[in-house]
Amino acid sequence: MPTVAYTRGGAEYTPVYLMKIDEQKCIGCGRCFKVCGRDVMSLHGLTEDGQVVAPGTDEWDEVEDEIVKKVMALTGAENCIGCGACARVCPSECQTHAALS
């Protein structure tokens, strides 16, 4: 049975939590990051080989020349409250959400 939450007005809804971001579909626009105040995701680099690398790390310094685009990465899934705001603003539909059971 999925988790049920309530609005302030008492209406029931089922939170859908961010489970995954498809780095191949993500365009790195940052819209999801802007609407989420919970530190659920952050901007990373994607290399030619498909490796997702966090900025400011030793790994980033090693592969910086190989980064082909910047993408959002799920870095704080435990902070997601299941509101779905990120999905509503995503133009590339690169996120997977699911209810908890």
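Every residue gets a Cβ built from N, Cα and C, even glycine.
The structure displayed is predicted, hence computed values, not measured ones.
Cβ neighbour count for C32 ([4Fe-4S] cluster 1 binding site) (all protein chains, 10 Å cutoff from its Cβ): 23. What Swiss-Prot records for C26, C29, C32, C36 is [4Fe-4S] cluster 1 binding site, and it gives similarity to another entry as the kind of evidence.
Marked as [4Fe-4S] cluster 2 binding site by Swiss-Prot: C80, C83, C86, C90. Here the Cβ of C86 ([4Fe-4S] cluster 2 binding site) has 22 other Cβ atoms within 10 Å, regardless of which shown protein chain they belong to.
What Swiss-Prot records for 17-46 is domain '4Fe-4S ferredoxin-type 1', and it gives sequence analysis as the kind of evidence. Confidence across the domain '4Fe-4S ferredoxin-type 1' (17-46), taken as the mean pLDDT and rounded to a whole number, stands at 97.
Residues annotated as domain '4Fe-4S ferredoxin-type 2' in Swiss-Prot, with sequence analysis given as evidence: 70-100. Residues 2-3, 5, 14-36, 38-46, 52, 54 of the same chain lie 6 or more positions beyond the ends of the domain '4Fe-4S ferredoxin-type 2' (70-100) yet place their CB under 8 Å from a CB of it.
For the binding-site residues C26, C29, C32, C36, a Cα-Cα cutoff of 10 angstroms around C80 ([4Fe-4S] cluster 2 binding site) retains C36. Here the domain '4Fe-4S ferredoxin-type 1' (17-46) has Cβ contacts under 8 Å with residues 52-55, 60, 63-64, 67-77, 79-82, 85-100 of the same chain, all six or more residues outside its ends.
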